[in-house]
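Written out below as structure tokens is the structure these notes cover.
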Amino acid sequence: MIRVLLIDDHEMVRMGLAAFLEAQPDIEVIGEASDGSEGVRLAVELSPDVILMDLVMEGMDGIEATKQICRELSDPKIIVLTSFIDDDKVYPVIEAGALSYLLKTSKAAEIADAIRAASKGEPKLESKVAGKVLSRLRHSGENALPHESLTKRELEILCLIAEGKTNKEIGEELFITIKTVKTHITNILSKLDVSDRTQAAVYAHRNHLVN
């Protein structure tokens, strides 16, 4: 049986969820909490397999409750079940440790399936939320600094260039041939989008890559 804890400040929501879930052959509701602080206490006390978490509640909200539960328990499986898909709700609770994010407009069977998936460590995201997360990942990639694409070896060579080392000195320090050094430098210049080693050195200092 999958042991589930419900955390929601609306009694009717908890009653409806509990009635549906208890009718499932493989799911058991082991506790209900009406706010975040009570939810944290019950989560620690009962160690449920899966937690259904509302976000907007009086007192401690779902984001803070998720943070605290993730600090107290090892790898808790938290499914957010809410009416909100605002950025200031979605990202903080996922970053806090929530595994899945569903809307209260989801079909009952979808919630049950998400619970079963969560018990195996498999996430389920409402399609609009998945779109938001993917968009954010794409944008974070677009905003990445050029040197973040350098390999460890290329970063080493960039730092040595910034220290004023010649190709020969770099090769001797890293035990590689001058030809290999030149190949790495060509790649470095391309990735940093600079035209020569002087500009590469300036970039390294500007981005605090060398002391």
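A Cβ is built for glycine as well, from the same backbone N, Cα and C atoms used for every other residue.
Positions annotated as domain 'Response regulatory' by Swiss-Prot, on the basis of sequence analysis: 3-119. Helix first, then strand, then coil: DSSP counts for the domain 'Response regulatory' (3-119) stand at 56 helix, 25 strand, 36 coil.
What Swiss-Prot lists as 4-aspartylphosphate is D54, and the listing cites sequence analysis. Within 10 Å of the C-beta atom of D54 (4-aspartylphosphate) sit 26 other C-beta atoms, taking all shown protein chains into account.
Residues or ranges marked as domain 'HTH luxR-type' by Swiss-Prot: 143-208.
According to Swiss-Prot, the feature DNA-binding region maps to 167-186. The DNA-binding region (167-186): residue composition by secondary structure is 17 helix, 0 strand, 3 coil, according to DSSP.
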